[in-house]
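**Student:** As listed in Swiss-Prot for this protein:
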- PHE18, SER19, GLY20, GLY21, GLN22, ASP23, SER24, ALA25, THR26, CYS27, LEU28: ATP binding site (BINDING)
- CYS206, CYS221, CYS224, CYS227: Zn(2+) binding site (BINDING)
Amino acid sequence: MPEDAAVAGGEAGALVLFSGGQDSATCLAWALDRFPHVETLGFDYGQRHWVELDRRAALRQGLTALDPAWGRRLGPDHTLALAALGEISDTALTRDSAIAFARDGLPNTFVPGRNLAFLTFAAALAYRRGLRHIVGGMCETDYSGYPDCRDDTIKALQVALNLGMERRFVLHTPLMWIDKAQTWALAETLGGRALVELVVEESHTCYLGERGARHEWGYGCGTCPACDLRAKGFSRYLAARAD
């Protein structure tokens, strides 16, 4: 990792949790619109939809092409291997099993501790890089009920990270109180229809990692919970645009 990037970012710089999905791509555009220096971080934890990691480079390149200022602000990309997370998780995201709901109402796509681990490692990297702001795509408005996506969870973790690292990190969750339709609209607000098309074409959301089927909202199996949320959100976004 080049150390000079940390100096360029300073405390005004940001680190974005960037999976290659719709939400993280929108969050990256949001961060590029606000911070003078932005770095990205992806995680390989043995997820079935590992194809999302392959989309990250194309999304980063596409975002820099949309706005010269974004290109100047976009810094290095980092990837961390968290194989242990996948090894201890018996979920439909890390095992070849059918997606279903458990008795507690949570889908078996929930990876316990995933966002807690992601944000903790992100803070450790931000500490080294000299970056104060950490941006994630967590949301509790239009989501699958994951407890580590809740606003209370993120606020509590921010306190713990700052106490444990003696820093003043700020955890930003720009999608926390908006639904998928509004997330599509936010992308248009940030980068126009060109950004919406970039997210449609290059981002990946499908839990099964399906890239063979192209829909108006992007690629995916079309039936898993992630595809369902994305498709319905895109439909509502288009309907609102037409009004």
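If you go along the chain as it appears here, the first residue is 1 and each next one adds 1.
Even glycines carry a Cβ here, placed using N, Cα and C.
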**Student:** Other than PHE18, SER19, GLY20, GLY21, GLN22, ASP23, SER24, ALA25, THR26, CYS27, LEU28 themselves, what residues in this chain have Cβ atoms within 8 Å of the centroid of the ATP site's Cβ atoms?
**Tutor:** VAL16, LEU59, GLY137, SER203
**Student:** At the Cα level, what's the spacing in Å between CYS224 (Zn(2+) binding site) and GLN22 (ATP binding site), rounded?
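**Tutor:** Each residue's Cα considered, CYS224 (Zn(2+) binding site) and GLN22 (ATP binding site) end up 15 Å apart.
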**Student:** May I ask for the distance between CYS221 (Zn(2+) binding site) and SER24 (ATP binding site), taken between their Cα atoms and rounded to an integer number of Å?
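**Tutor:** So the Cα of SER24 (ATP binding site) lies 20 Å away from that of CYS221 (Zn(2+) binding site).
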**Student:** How far is it from SER24 (ATP binding site) to CYS206 (Zn(2+) binding site), counting Cα to Cα, in Å?
**Tutor:** 14
**Student:** Cα of THR26 (ATP binding site) to Cα of CYS227 (Zn(2+) binding site): how many Å, rounded?
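**Tutor:** Pair distance, Cα basis, whole Å: 17 Å.
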**Student:** Counting across all protein chains present, how many other Cβ atoms fall within 10 Å of the Cβ of GLN22 (ATP binding site)?
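**Tutor:** Neighbour count, Cβ to Cβ under the 10 Å cut-off: 28.
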**Student:** Give me the Cα-Cα distance between GLN22 (ATP binding site) and CYS206 (Zn(2+) binding site), rounded to a whole Å.
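**Tutor:** Between the Cα atoms of GLN22 (ATP binding site) and CYS206 (Zn(2+) binding site), the distance comes to 10 Å.
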**Student:** Which residues, in sequence order, are found in the same chain with Cβ within 8 Å of the centroid defined by the Cβ atoms of CYS206, CYS221, CYS224, CYS227 at the Zn(2+) site, excluding those residues themselves?
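**Tutor:** The surrounding set, listed in chain order, is THR205, TYR207, LEU208, GLU210, GLY220, GLY222, THR223, PRO225, ALA226, ASP228.
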**Student:** Considering Cα atoms only, can you say which of PHE18, GLY20, LEU28 is the nearest neighbour of CYS227 (Zn(2+) binding site) among these binding-site residues?
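**Tutor:** When the Cα distances are compared, GLY20 comes out closest.
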**Student:** Sequence gap of 6 or more, Cβ distance under 8 Å: name the residues on the same chain that satisfy this around LEU28 (ATP binding site), in order along the sequence.
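**Tutor:** Counting only residues 6 or more apart in sequence, the Cβ neighbours of LEU28 (ATP binding site) under 8 Å are VAL16, PHE18, VAL38, THR40, LEU59, ARG60, LEU63, VAL135.
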**Student:** How long is the line from the C-alpha of CYS206 (Zn(2+) binding site) to the C-alpha of GLY20 (ATP binding site), rounded to the nearest angstrom?
**Tutor:** 11
**Student:** Just going by other Cβ atoms within 10 Å, which of the binding-site residues CYS221, CYS224, CYS227 has the emptiest spot?
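**Tutor:** Relative to the other binding-site residues in CYS221, CYS224, CYS227, CYS221 has the fewest Cβ atoms within 10 Å.
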**Student:** Within the chain of GLY20 (ATP binding site), which residues six or more apart in sequence place their C-beta under 8 angstroms from its C-beta?
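**Tutor:** Long-range Cβ contacts: GLY42, GLU52, LEU53, ASP54, ARG55, ARG56, LEU59, SER203, HIS204.
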**Student:** Starting from the Cβ of SER24 (ATP binding site), draw a 10 Å sphere and report how many other Cβ atoms land inside it.
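**Tutor:** Other Cβ atoms found within 10 Å: 25.
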